[in-house]
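Here is the structure we will look at.
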Amino acid sequence: MAEPSDDVADSTGALEAEDTMPEVMEEEEEDSRGGVGEGQMGSADEDGEEDLLVLDPSHPLMQRVQAALKDQLTRQKEKLEIDLRKQQETVKSVQEERERLGVQLYGVQQQLARQQVLLEREQDDVNSSRGLREQKEGILNHLKDLYRQMLDTLKTERQQTVELRQEVEEVTGRLRFLTEAHQTVQGDIALTRRATEKTTSDVAKAEEDKLNQDLYLDRLTSQIASLDEQIALYDAQHSAQCHETKAVKENLTEASLELEALLLEKKKLLQQWNSTLIGMRRRDEAYAAILAAVSVQKQQIRSLETEIENYRKSTTQEQERNEQLTLMLNKLRADIGHVERQLALSHGRHEELKTEYTTFTRTLQETEQALARANTDCSLKRNELGTVRTQTEREAREKRKLEDVVMEKMMQQLTMDKSTQYTRRSVEGLQAHKEKLETAAVEVENDIAKTLLQVASLSAEMKRLQSSLDRQQEAMDKQNKFISQSETEIGHNNALIERKQTQIDQLNKKISQRVAKLDGGEDLGPLELKIDTLQKQISDSVERCAGLQNFWLRQQNELVRKTRGAEDEARAVDCLRKQQLILQQKKMRIDGQLEREEKERVSVEQSISRLQHEMRRLCTLISEKSGEQTRLEQDNLLMQNDFVHALKESELECIQTQTKVEQLKEEKERLLNSLVEAERQIMLWERKITLAKEMREMVDSETGQADIRAMQAEIHRMEVRYNQLMRQQEKMIQDMEKAVYRREAIQFKSEVQVMAGKSEGTQGHMKKKITDLQRQIKQTGRDTAK
């Protein structure tokens, strides 16, 4: 649509050139007259300034040029009418396309409204998640404070436990010292008992001897007379035995005193042992209570740790969800920012095109005004052309708006594709998380089974230990009964020893009396034999008593060992009970965790089903919009090709216009120079001819014949020059006609090149060309205005 404006500009330039030609010719005539006066009379320097002459468009010399220009303009007018009809048809098709794109735009706006509603919902979800996260963080901080308090109490209780352990160690040290002292005292008591048993055996043997002696004395009553000579011997023996019995008595008294002292010490040690056992029992009870409190605190700490771990997991899950929502929000914001930037670019482009449109309309108005002065018949068509151009520009704006909508639709489609990919990735992640949860559930079930097996084995072990403890307790009861019986026997034997001692004393007194009565006698064989047998029996009894005492000590050691074993088994049973309690609590925690995992699995399955439904809906939307996308891409490609083609045509038209303007300027300058020179020569010769006629009339004599002949020769030369100038004028007019025809040929050639040319170049290249063309058009407008 730019070719008519260029042609009109060229025609207006030609008309202005024709308007200025008579003035130039008049100025050249005046200059030539001034030149003749200078040549003939010598007064040309004093005539004044020279004026240029320009030919009038109605000059007879310009008729042929004007006729050629008129033919060319009529042909251009017919061509413009054909182009106008084509443009009207294209305008109708563009209007139909605009209506169709308006319907599509309405659908896209509805989709955008739905997406905005979804975005608001997501923002509400993000805000609710943020609130839940703050609540969870507050609960977590409270639990951390409770955990610190529990740690402080646990530290204090551990310090108390360490102190109690130190006290228990001190008590155990004291108990060990007391046991060692008790063992030493038991050894002394055993030695004393052995000596006492030996003494009792001696006393028993002595009693037997005494009985035998009584019998023997009864038998010897009839032989007293025969044994008087042996009384001295018996007296010596009796005195020796008295000394021995005194020494034995003294030893017996000392042994009894030592035994009493040992019994007292034993009683004291037993009292101390009982008090120590009571203290140890109390401390054991306090220690057991502390251990129970510590176990309770540990259980509470473990429950708090499990709750903290659950809160951490929920916090991490909320953080991941918040991060996902923030990512979605950032993506949506980035998409909105991109769309806003595209809108800003589109607005900037719209403003640039509007300014370009204003410059084009202003240039068009100026051209129309010039064309109205040149040709009033084309005013109606030019007005219609202006309306068509305004409508075309309006349609171009609508087209640009539709391009923006298409770009926005493509960006929305791209965001939908990204959201679909993100949903697919999230579904895959949820499925992987579901598989992990299932494997974790299987592992937890395996752990529960293992724990149940451990509980069963521990319960069996506890039963076995309980049965062994019962057996040990029965054995201890038997040992205690045996020890009590042994102690009662020892007491009974001690009473017998005392009683036998009194009998021995009595018998010794009788023997001493008898020996005092008998004063001699040497028949002591049977008594010595009895004494030997009694001594052997006493030694056997002592050995048997020592063996019994050793057996009692072994049984006592066995009792201590059994008691220690019973205590160890009781501690083991207590540990097993505690382990069973811990395992039961662990089982309860695992059951709770399984329930939570099951709930989480159900929620994950629900979210997966919801996301799958959303994916199916998005897939249906994508399948519905894919055909529309391809159609919009094709329309966009066609529109882009049209725009590129139009820009290419505008560029070629601008280049052609610039080249035509430069050629016309050069042709105009050359023609003006040649016309001015011809007019100057013509006016010069006319002046010379008038001056020659005047001089011929003035000169009647033969005095100026030489000058007349010289002037006639000069006149002849000027006539020849005039003929040459006329031929040059005819040639210049023919050149002007050829320039008009050459202009038409150049225009036709450029049109052919534009029609045969191909649209190429990138968007940046096109923008650069458009700016260059705008600058060239402005420069051309300024040049034409000048």
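Glycine is no exception: its Cβ is also placed from the backbone N, Cα and C atoms.
Any TrEMBL annotation is an automated prediction that lacks curation.
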Can you identify, from 105-139, 140-174, 735-769, the stretch that TrEMBL calls coiled coil?
140-174
Region 'Disordered' per TrEMBL - which of 1-49, 295-343:
1-49
Note the mean pLDDT of the coiled coil (427-517), expressed as a whole number.
67
